[in-house]
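Under the heading domain 'Inner membrane component', TrEMBL lists 129-179. The feature transmembrane segment is assigned by TrEMBL to 132-155, 232-260, 316-338, 350-371, 377-397, 418-440, 452-472, 519-539, 635-661, 673-690, 696-716. Under the heading domain 'Sodium/calcium exchanger membrane region', TrEMBL lists 350-467, 571-713.
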Amino acid sequence: KAAEPRSDSNGPRRGSLCDRHCAIINNVQGDLSDLACHLHCPRVPPAICSPPCCQQHLDEVCESCMVKTTLTAENAVEANKLSNNYKFGFKKWKSHVTARPWEDRSEIVKELYSDLNVIRSSGGSTVTCGNVLYLLLFGWWLSLLYVLLAAVMLITVVGAPYGQLCWDLAGYFLWPFGKVIQKVEVPKSRRALGAREASAEARGTGETSPLLSGPVPRCWADTTHWQRAGTVVWLCLGYPVLVLAHGLVCVTAWLLIVLIPVAKLSARTVTTVLLQPPEQVLIRRLKMTEVPLEGEVILCCYHAVNFYYYKYAVDGINVFAVNLLPLVLVTLVLGYVDSHNHLTSSSIKFTLALLSIMPLSYYIGMAIASISAQSNFAVGAVVNATFGSITELTFYITALIKGSREGNRCYAEIVKSALTGTLVGCVLFVPGLCMVIGGIRHQEQRFNSRSAGVSSALLFLSVGGVFAPTLFSKVYGKLVCGECHNVTQNPLGHYLCHNCHFDLMDNNGTLYYSHVQPLVYTVSLLLPAAYLIGLFFTLKTHSHIYDIHISDCHMPGHHHSAVVHWSRWQALVILLLSTLCMSACADLATEHINPILTNSTISQYFIGVTVLAMVPELPEIVNGIQFALQNNLSLSIEIGNCIAVQVCMLQIPILVLFTIFYPTNFTLVFSDLHVYASMFSVVLMNYIFMDGKCDYFQGTVLVMVYFILLAVYFFAPSPSGC
């Protein structure tokens, strides 16, 4: 009995040790029995601890570590984001909302954000595939342009110094790698007496800033430089042409992402090099520089291509989202200005509108994460629940409105296909892909099987509720066929019928209005109620089931104050603007989808379950893959389960509620193909997630089954009435 209080007193310590070792169990195939001994007897070495002790607590350790998901927060703001967002039933946004301290970043990331003015030790030959690509894309014609400008400036006589500068830069931009551009000081004997004080002030006020914004050129302080006739001729004839040329190079290289070093090279040339007095610009080869260079280094580039620039971010926004933002503007301008398709076709406008949804989904997720990180749990939950499904609901509602106005049932069928495609894709494809990619790095991954069990139970309930009106109509509906042919030429023989469906409007719609419609409304009320009960169960009464620990240990930047990328008001404005643009893009997509549905030979089922269902979920898929690579498969699986649960328990009831106030052709009666695909997917997912561990083979099974279902949809005939 005396040992029991001591065991209780050691409980917190044992739990903290388990928290620190859970990641080791999930990542390293170590000896769990030794770890169990160490956790149970922390002051006794594992070799001294008795085997019965180890065996007694082995299962406890394994279960505890399998259930817990430990995440590391870099600061208090990130910890608040994890605590408010990474909950059961909420969409998980992985984007960082704060800036990481510079000294805590890896050397690879530091190189991405560094200016091209640092001389490093020789890293081998500069003749690489990326540098040759620069020569073929930009180097040759930039060099030729500088040669032509050198000739023009030499003809003007007064611009001869700039002509010499252009001649030197022609050789530099043909192959800038392994060369350095310096700013050197002109001997005092060559300076005018009135310029001495200004240049001395310029030497004492050097400053550095990010490359793309450009440092402040010191030559602005030299008033005599700007009063020269040659400088005026240069600014009128040569500089504007080079600004346009380097601007084209900068934009092209930035859009290609891996060539961002070339974009930085061009930007720094325009903002710094070309504004310097020509006699102060010196170009040298690094091989000739064996001692530290005298003067300021302006440009020094080694490689044109860096494949790690996919990690690059501008104000916390990933470079891919930054590059896709102009696509949204182009889509809106083309869609609403060229309403009669004089410039582009409907297919191009539909494709642009669908692609524009991807960056807008990213901005919405980033804004939700920023607001949650800087607010309490209640505000974060409201924002997540309100805007978490705004992308899908915006498209579905606009499609239903357009179908109701045109009296076209195809739009309602497309919405049903998109709902089913989202459900099947998030149950099979998202977790399967995460398992495959995560399994390449980790031999075996563990996840929270109890939390997955709660999600599976909710999915079974939601699928049963959503398809209950469909099963009811199959039992009591009247089978109506469009065309029937007698195969045996016998009145009592066999008939081959086409376009058969169950008619619910027989006898003035008595079956539908008296039986099916009340069932739909009942299900639409019960499903959100079950969702709320699931939230209360996992967040309040049984929160230990979905156990995510926010660790503040071993944080690289825990001693720094958090610098938030977006303030709450800025995030709110971006959230509202992104939602508004999302509505406009969804309106354009539904406006121009009709020619694709009518002229395409592909089944409308396939278009709905693939393009319309999975393109808006691409940011979620990327988040799941990132979690899987970090061995947080629980969160990867939860991303797919959360979307699937929200489709059945929130989005479909909202669409049913919308049809009450705005009558549409949407009825909660699905085709047989949707029913069988959804039920089979949920059963298979529940079987795979049963043991709480997986590998790339199980993920491959889920992905292959998903592709088999896509093949079924591809060869399936279009819905009746389309």
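The backbone N, Cα and C atoms fix where each Cβ goes, and this holds for glycine too.
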Recorded stretches the transmembrane segment (377-397) and the transmembrane segment (635-661) touching, at least 3 CB pairs under 8 Å: yes
The recorded stretch from 350-371, 635-661, 696-716 sharing the largest number of CB pairs under 8 A with the transmembrane segment (452-472) is 635-661
Which sequence positions outside the transmembrane segment (635-661), separated from its termini by at least 6 residues, show Cβ-Cβ distances below 8 Å to it? 69, 86, 88-92, 388-389, 392-393, 396-397, 400, 415, 419, 422-423, 426-427, 429-431, 434-435, 438, 447, 451-452, 455-456, 458-459, 462-463, 465-466, 520-521, 523-525, 527-528, 530-531, 534, 617, 620, 623-625, 627-628, 668, 689
Please indicate, using numbers and ranges, the residues of the same chain that are 6 or more beyond the transmembrane segment (232-260) and have a C-beta under 8 Å from a C-beta there. 112, 130, 133-134, 137-138, 142, 145-146, 149, 152-153, 156, 158-159, 162, 166, 266-267, 269-270, 274, 304-307, 309-310, 312, 319-320, 323
Considering only Cβ pairs under 8 Å, which range in 316-338, 519-539, 673-690, 696-716 makes the most contacts with the transmembrane segment (418-440)? 696-716
Are there residues at least 6 beyond the ends of the transmembrane segment (696-716) whose Cβ is under 8 Å from a Cβ of it, and what are they? 417, 424-425, 428-429, 431-436, 438-440, 602-603, 605-606, 609-610, 673, 677, 681, 684-685, 688
Long-range neighbours of the transmembrane segment (673-690), counting only residues six or more past its ends (CB under 8 A): 416-417, 420, 423-424, 427-428, 431, 447, 449, 452-453, 456, 459-460, 463, 466-467, 470-471, 605, 637, 698, 701-702, 705-706, 709, 712-713, 716
